[in-house]
Amino acid sequence: MSFTKIVGLLLVTTVQTLSHHVVHHPEAACESIEHHFHSSQDVTINFAHYIPAGTNLSLEQNQVLATCDRPTQLVPVDLCRIAMLVKTSAISNITLEAWLPTSWTGRFLSTGNGGVGGCIQYEDIAYATSFGFASVGANNGHNGTSGEAFYMNTEVVADFAYRSLHTGTVVGKEITQAYYRRPHSKSYYLGCSTGGRQGFKSAQEFPDDFDGIVAGAPAFAFNNLTSWSGHFLPITGSNTSATWLSPADWALVHQDILTQCDGRDGVVDGILEDPDLCQYRPDNLQCSSVNTTDCLTAPQVQTVRSVFEPYYGVDGSLIYPRMQPGSELADANIYYSGQPFPYTVDWLRYAILNDTTWQATNLTVQLAAYAAEANPYNIETWNGDLSPFKKRGGKLLHYHGLADQIISSENSPRYYAHVVSTMNLPPRELDSFYRFFRISGMEHCSGGAGAWQIGQSAEGAAGVSRDAQENVLARMVEWVERGEEYAPETLTGRKFVNDTPSLGTEFVRRHYGMAEPPTPSATSCGSGGIFDLVDCASGSALNSEGTTVNTLLAAIAGSFASFGVQFLIFSILRLRLSRIYRPRSYLVPERERVPAPPRGVYQWLGPLFTTPNLAFIQKCGLDAYFFLRYLRMLLKLFFPLALLILPILLPLNTYSGTEDDDDPATGLDRLSISNVAPRYVRHRLWAHLILAVILIMWFCYVVYKELRGYIRVRQAYLTSPQHRIRASATTVLVTGIPAKWLTLEALAGLYDVFPGGIKNIWINRNFDPLSDKVNHRANVAKSLEDAETVLIKKCRTKNEEAAKKARKAEGKKKRTKTERKEKREHEDAAAEALAESGGISAGDQHQTMHGLHDVLHEAEEQERLHEKEAEKQARRRLHLGVVGDGLGAVEQGLGTGFGAVAGGIGALGRGVGHFGRRAVGDVDAGFRKAGQGFGHGLNQANAGLGFADDEELYRESRMTMSDGSSPRTPAFNRTHLDQFEDAPPTPPAKTPVEERNARLEAKRLGSQLDNALMTPGLEPSPHIAEGEKHAPGTEQVHPLAQPAAVPDPEASESSPSSERTLGAPAELQTTRPSRDSRPKSGMEIEEPASHKAPQSKWKVWKHLNNDHSLELPSPQPHTAEEDEFPLNAAALRATPAGRDLGEKPEQKVSTSKWYTKILLWKKDEQESEEEEVVYPEAFSKEWDEDQDEEPKWRHYIEPKDRETIRLPLFAPTWFPSIPLVGKKVDRIYHLRRELARLNLEIEADQNDVERFPFMNSAFIQFNHQVAAHMACQSLSHHVPQQMAPRIVEISPDDVLWDNMSIKWWERYLRTAIILVICAGLIILYAIPVTFTSLLSKVKLLSQTYDWLRWLNDLPTVAISIIQGLLPPVLLALILLLVPIIFRLLVKQQGVPTGNAREMGVQVWYFAFLFIQVFFVVTLSGGLTAFFSSIASQPDQVIKNLAGNLPKAANYFFSYLMVQALSSSASALLQTGSLFVWFLLGPLLDSTPRAKWERQTTLNKVQWGTFFPPFANFAVIGIIYSIIAPLILVFMLIIFSLFWIVYRYNVLYVYRFFNDTGGLLFPTAVNQLFVGVYFLELCLIGFFFISTDQNDNVACIPQGAIMIVCLVFTIVYQWQLNRAFDPLFQYLPITLEDEAVIRDEEFARAQASKFAPLREDLEGDGADDENTDVRDALERRDKAEETASYATEREEGSQLPVQASPSVGSPASKQGSWHTRDGRPTWKTDRWRQAAPQAVTRLRHLAEGTAASDQQAAAAAQGANGTTDPHAAQQKKDMEAQHTTVGDVLFSGFADDLEDLTTDERDLLVRYAFQHSALRAKRPVVWIPRDKLGVSDDEIKRAKKMSTVEVPGDKVGVREKGDGRGVEKTNIWMSNEGTALDGKGRAVFRRSPPDFSNVDLIAL
């Protein structure tokens, strides 16, 4: 304690000592008081007696006073007892006693009363005198505990209401002054119950009476309290009623309450620390067939449920809050005794009604309302304005026991909240004069299981220290007299053993003050374990039972107000913010644009109704159209139902209730099915049944019609010519491909059976490491952009500061506001000029062809050189020699040589094809090496029971082969670089003629071998000698693959041998050639041992089955015949160099990601086996930190001013930097080095794809759409789950590449795990919601838990933010994260596409919304009780639903209205976009790219989260359409508003990318069946629990009929989906012919557009074979450019040339889609157009420039690598010619596929279906230009430090194949089109240099 405090304490003590007054001759003074006492009131002193301490005073007793039960009172001190009679009116008076102690402290205290009685609280008077108070007490205007004195005497009522206490206080102060001859120093009040109300009445109306008031358990809202006290009797009934519970029953209830709620405060001690946390549900106590003892009947359970519910009035308003759980043991003999409560009877009978005959059983809510309105003398005591009391410095201490059995402890917090609201003071400020404490475990005023003794009375102070910490009266004195510092933060309560102080203390507990009024979210959840948290919000909707029309109208009014405000803001901003409210009118490609909406307040609604549906499909896609159609369908569903149901059920429900019911419905409940009285249920519920059946039939009809319409629209869209030319229409994704089928030839041979054949095949590789690098590079590039921009801005700022200092030093005046404005405008104009003047750029790799294109071009040139020579060689070459390594040396005999074609086709040699492994998706050929000999080939039959597993067979076959191919020498492979010189030379590439001859020869020899196999003399020896040496290059046969012994005759007779089967005549062979070297048999009996696959010894289960009598061979991959599917030169070109087609591919297949993550040691082994890749240096260490000369930035800032960063301690790609930890480096220098390194490594990896393993998936593009759909519907593989799933209509941009290598078993495992996680997320969602609700009570928590005590030290503002702002923000964030989490989880499930992910999110998000938004809030017992009931009493679950759903209807009325008005307006206003645009954008966007992306990136719709909320709304509407039909009105409102809002947003705001083709629509439609099922279950339960007035079940027929309807609905949905499921995704064959006709019509229409161009071709006399429309366009463009440029030079102008858009070639040139050449693209020369060329050509195409102009563009490149200003000037400034950003981005290029030629489309498709990491382009570091030249200097320095000399053949830059070094710049940096404006902000006037419009073309 500080010195100041000590001094203050001593002074106060001294003053108190001096003021302590001792009366001399007290006996004489007492007897003579009457002579010198003068009062302002009409007072008569009855007697004045001196009473010595210790006297056991006998009190006057008569028949009335005896009821007070106070015959004696022990006097604690010497005092003067004065009895008085004070007249208050002509017909009323009060009896008043003053006890004046001889030793007086100078303080005055008045006591209160209790109940409705008139008894002086002598024990309280004596208790006060023991503290030295002069104390008074009155009889409250009448004697005794009865209220009979109120009858016909309002003056007595006035005394009781307020006058007695005030008058007694006035007289008491006067008699005190008269006795002590001096006035009192401070006055206090002490009272509880009615006395508590009296204390608050004094504070409200007589603020000068007391300085300090201690009021316990105040009887606030007195009229409502008395009505509430009496309403329990109708609930419990008399003690003979079936609804009554005995005290033993209540003890059972009490124990169940403790079981459910005691632990929620963290301690199980038999005390509910906070009953608000207990939402008790008594359902577990109901008797059942299992439990017949220690249970309650159903009526008793309902009684328990009812007594713990709030008491509502006629209009649904709250009369009084619920009785808190925990008081039931005491109330068993009071409220629940089955007897009328006397206080209720006395007050209503004598004070309100003045009717002595009134009985408690006649209490109604109408009478309660009458009493509340009467409110005699404002006895309600509910005034929340305590300002006068606060102003005069009064202090008020309010306490209430939380086990109060008379006055609900939940009423005191209501009044406290009322004061907070009325006085508009936060609790912190209210604490200055008013503090409220909740005493856990205290009953009414005293007693209970808790620490209830706080010094509140003589009983409460017995055995308790009088220290201020443990005595509430002493604490009040300290607070009043010693100031705010001594204000009570806690009250210490004590509990003695058996409430007997002599037995000792049982426990002590501190009770904390209430920090703020409770909120529903803060009082419904607790911390009593995870299951309590799960049940947090359970049943919250049930609290809305009885909601009045006025309450609903108030909610609607609030929603309308919110709607009106937001709509008004939208109307104002819509015309000003076109970027937010109509970006689709200009900021999208031409084909997607829509006309801008009309101006005006309501005119914009016109296009929403007049725009045809076809326009929505064409402009927005099927998903957008079907979403709007879904809303329209719901209107179509509910509108007729509303017209039919509302006129029937609303009046029927309203007038089917009676006032005679025990629990009549009130408020809006009268409109629901629950209002039907028992006397009417038997007959009137037939109407509900009939309407429910009609609803179900109408619903089924609407669903059928909509799904039929969906199929028709989807089929029409998919078969339209515009869609059929898309790659997605004909491309199939095949996943789960086994290893032996993972080759180009195998897939081609398998799928070429479908009409039209195959066009393209891409086998995917696992580029995850490369993808990680690409993602990391993107982050590094953006970070470098930011760092450079910060540097440039710093230099500008320092320069401005220096200029100001120089200006000041020169004595110039400070610029005026006008001068500053002019200067800024001048700088802005200069910035515009800088941004439009071109700028400089260095390091653009796309201006030079790199990598794969060079390889392809080189191969093409070599092929032309050798073509003639090859024809000559083909004539001279021996036929067997053509095959090369395939047949091998003839000297090895037929057993070896002829084995080359034993697999069905001869090896075709290594061929040309050196570069083939990099084209065609980098697919290795799948043929095995043929030089294994016939004997070896014979032994490759499958082994094992059933079909052998392909993966196992593949691994076994790998054991039989040696690596006969030359080693691969990937770029920078350290291992192979050392061996490169010793590697065998690669055979020269073969020309197409050679390859064709080889193929034909091999085919001929294969036929000869088929016949030769039947010759006994050619059968090989059965065994190969052990240890036999093979010649170099021959195959070492694995022991398990040795030839089998010749079967014995008996075996031969029983089954055909493999040899005999394979020996069929060639002309009878009907299958395509197989690549398998093992024999094929239909069924083998006792397969030879050598044919069996080896079994691992540890696989015990495989050794247990020795029955091999039924062995089925595994089918092997086949290749296509020449006639049906020609294998030409291009096919061989796809085979890696140095390997025969018959050779088993040396391919690595990517393993499961989860497998490698779990088995860490396997990962280490794989990493050790991987070849170490060494990359050359990516930057020059001599110049990486500006070592050469003085850089520009040093002219303005010091090195220490530059930004620095800390390097991560671990892997930089994922581990974050930690402040103050790690090496500190210059940010720009580090990022430059990192970007240069990544650029070089990525480009090297992109040109060395062989390093990356294959994934078990492939894209297959067919020539015909019908073939793609047939391939998906056909069964592809003979083993379950292999080559599945297959997906059609897949967009290249929608592929999730990370999931392309997932095995089928892994997909199942992932699905199971994600299923559990998602279900857990849905159920456990209540936990974070509980956390947010607890934040709103953080002050209370900090006082409850010691480890949170530090929160008390936070500033008031911080506490207010935590409690007020943080909870709603966190709750909104949690709701926002739910779909994001689901999206991540569904991706981890292994879905291959983004569309599949959205479909998964749709399912889970709907489940989440339905369970949490609807189901949980209607459950009375929570999810845990629900699941428990399902397990034990499933029938009870349905009954509970039937009972709860009608009660929760009112909750959903308000909920849906808020959604309909507020949420729809928010969606229209685009609140989120406004927040991002005006708040986040300026804060986060500092670089030109960030601002460009913000400007050009529109809101992206993720349909997986769009459908579920509306499906949930509709489900709620269906469920309540019969139960509470008023909900149909809200359904019409909500779907009408949202249909308008989203029609606008879809048309004008949202941008759509990957379209599912409407696949989410049937899922959303099926989700509506959930509502029908719940409606049927609820009606079934309701019908079976409905009883008539005799308690007999009355609606069994209705329930039975509804069960039939339920079964019908289930069967209907099953059959509906069974019939429609195939049509939801796939197209039938019947549509193909009509589609072809439309294709031809479309082709003719396209041809008509190009007729003038075709005439130009004919006029020029061009050769049709070598010239197309593209050439004509190019010539025309060149001519126009030449003429325009000449004119510009003559006129001295610099106007840019207008580029022409790209157009397609005539239809005659491209042919029909139906009759197009069926040869696969991967077998034609079109495969030479690979990814790099696609990037370059399409980039020029996108810019409206012919590809042939590339060289001209390159010529304009300066010698130093920077852009020539003159050439830059020739580039057209699109911003100067167009008025919108959209024109800049999208004008002058072909933005639709029909505008492209067939070859261009093929080129684009082949480019697009490559892995995204392989297509990734080098990013440009786009920095703003500045007038100081810092930006230009940074670009030059970045170029200088990142330009290095590397071997050309090791980075994909070939210089005629000689491998000599070339210079390579590894950083692309540019400041073209951007600059800093006058305020130092980055501005842009064009798109980033690396932006490509090609990415915008939808495939």
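Cβ atoms here come from the backbone N, Cα and C positions, even for glycine.
Pulled from TrEMBL:
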type     : residues  : note
SIGNAL   : 1-19      : signal peptide
TRANSMEM : 552-575   : transmembrane segment
DOMAIN   : 552-706   : domain 'CSC1/OSCA1-like N-terminal transmembrane'
TRANSMEM : 634-652   : transmembrane segment
TRANSMEM : 685-704   : transmembrane segment
DOMAIN   : 730-810   : domain 'CSC1/OSCA1-like cytosolic'
REGION   : 801-847   : region 'Disordered'
COMPBIAS : 805-818   : compositional bias 'Basic residues'
COMPBIAS : 819-829   : compositional bias 'Basic and acidic residues'
REGION   : 957-1097  : region 'Disordered'
COMPBIAS : 959-968   : compositional bias 'Polar residues'
COMPBIAS : 992-1004  : compositional bias 'Basic and acidic residues'
COMPBIAS : 1043-1059 : compositional bias 'Low complexity'
COMPBIAS : 1073-1083 : compositional bias 'Basic and acidic residues'
DOMAIN   : 1213-1299 : domain 'CSC1/OSCA1-like cytosolic'
DOMAIN   : 1310-1583 : domain 'CSC1/OSCA1-like 7TM region'
TRANSMEM : 1312-1336 : transmembrane segment
TRANSMEM : 1356-1382 : transmembrane segment
TRANSMEM : 1403-1431 : transmembrane segment
TRANSMEM : 1451-1484 : transmembrane segment
TRANSMEM : 1510-1540 : transmembrane segment
TRANSMEM : 1560-1585 : transmembrane segment
TRANSMEM : 1592-1614 : transmembrane segment
REGION   : 1654-1722 : region 'Disordered'
COMPBIAS : 1657-1666 : compositional bias 'Acidic residues'
COMPBIAS : 1667-1692 : compositional bias 'Basic and acidic residues'
COMPBIAS : 1695-1713 : compositional bias 'Polar residues'
COMPBIAS : 1745-1763 : compositional bias 'Low complexity'
REGION   : 1745-1769 : region 'Disordered'
DOMAIN   : 1801-1856 : domain '10TM putative phosphate transporter extracellular tail'
Which range out of 552-575, 685-704, 1312-1336, 1510-1540, 1560-1585 gives the transmembrane segment (1451-1484) the most CB pairs under 8 Å?
552-575
I need to check the long-range neighbours of the compositional bias 'Basic and acidic residues' (819-829): which residues 6 or more away from its ends have a CB within less than 8 Å of a CB in the stretch?
1827, 1877-1879
For the transmembrane segment (1510-1540), what are the same-chain contacts with Cβ under 8 Å, counting residues 6+ beyond its ends?
605, 608, 628, 630-632, 634-635, 637-639, 641-642, 645-646, 649-650, 653, 668, 671-673, 688, 691-692, 695, 699, 1406, 1409-1410, 1413-1414, 1445-1446, 1449-1450, 1452-1453, 1456-1457, 1459-1461, 1464, 1467, 1564, 1567-1568, 1570-1572, 1574-1575, 1578-1579, 1582
The domain '10TM putative phosphate transporter extracellular tail' (1801-1856) - residue tally per DSSP class, helix then strand then coil
28 helix, 9 strand, 19 coil
Most Cβ pairs under 8 Å with the domain '10TM putative phosphate transporter extracellular tail' (1801-1856), selected from 552-706, 730-810, 1310-1583
730-810
Note the mean pLDDT of the domain 'CSC1/OSCA1-like 7TM region' (1310-1583), expressed as a whole number.
82
Helix, strand and coil counts within the compositional bias 'Basic residues' (805-818) (DSSP)
7 helix, 0 strand, 7 coil
